[in-house]
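These come from Swiss-Prot:
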- ASP7: active site (ACT_SITE)
- ASP7, ASP140: Mg(2+) 1 binding site (BINDING)
- GLU67: active site (ACT_SITE)
- GLU67: Mg(2+) 2 binding site (BINDING)
- ASP140: active site (ACT_SITE)
Amino acid sequence: MIVLGIDPALGSLGWAVVARQLTKLKYLASGIIKTNSKDEIHNRLACINSTLEKVILEYQPNMAAIEETFVNTNSVTSLKLGYARGAIMSLCGRYNLDIREFKPNTVKKTVTGYGHAEKDQILHMIKLLLPGTSLITNSDEADAIAIAYTCHVMRVK
């Protein structure tokens, strides 16, 4: 089973690919997709989709795990994040990926044992749980790894 973990965002989206090999989880790859806030939204969404599509084609995941988003006090920000999530889900649907969504607190609790963990705690635990992640420094990327990890752990339960 190969899971594509996604920390959705319009400005700096984190993605990660984590595979289960027998009883072990293996980190395969991760990255961030940055878009320019000055670009039109459709161009930003196209950038996200084209980059994620390359990841899907290269790693052939069976499933996508996406962090659920909370409603921001700024309705415009929430709406734009909704656009990004919709574009991502549409892309996953085009490649017949099963989609699982996880609340941020669930991801934090699964990875750190504490549902209100800080970004640096998630980053620290990811490095302990998955060999190959020691050079990860970006919190969006770490969140995506944590989301993929959570998906694997939750599927076993």
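Every residue gets a Cβ built from N, Cα and C, even glycine.
Feature map: Swiss-Prot annotations on the structure.
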{"residue": "ASP7", "record": "active site", "Cβ neighbours (10 Å)": "27"}
{"residue": "GLU67", "record": "active site", "Cβ neighbours (10 Å)": "23"}
{"residue": "ASP140", "record": "Mg(2+) 1 binding site", "Cβ neighbours (10 Å)": "21"}
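Calculated from their C-alpha atoms, the gap between ASP7 (active site) and GLU67 (active site) amounts to 6 Å.
Here GLU67 (active site) is positioned 11 angstrom away from ASP140 (Mg(2+) 1 binding site), judged by their C-alpha atoms.
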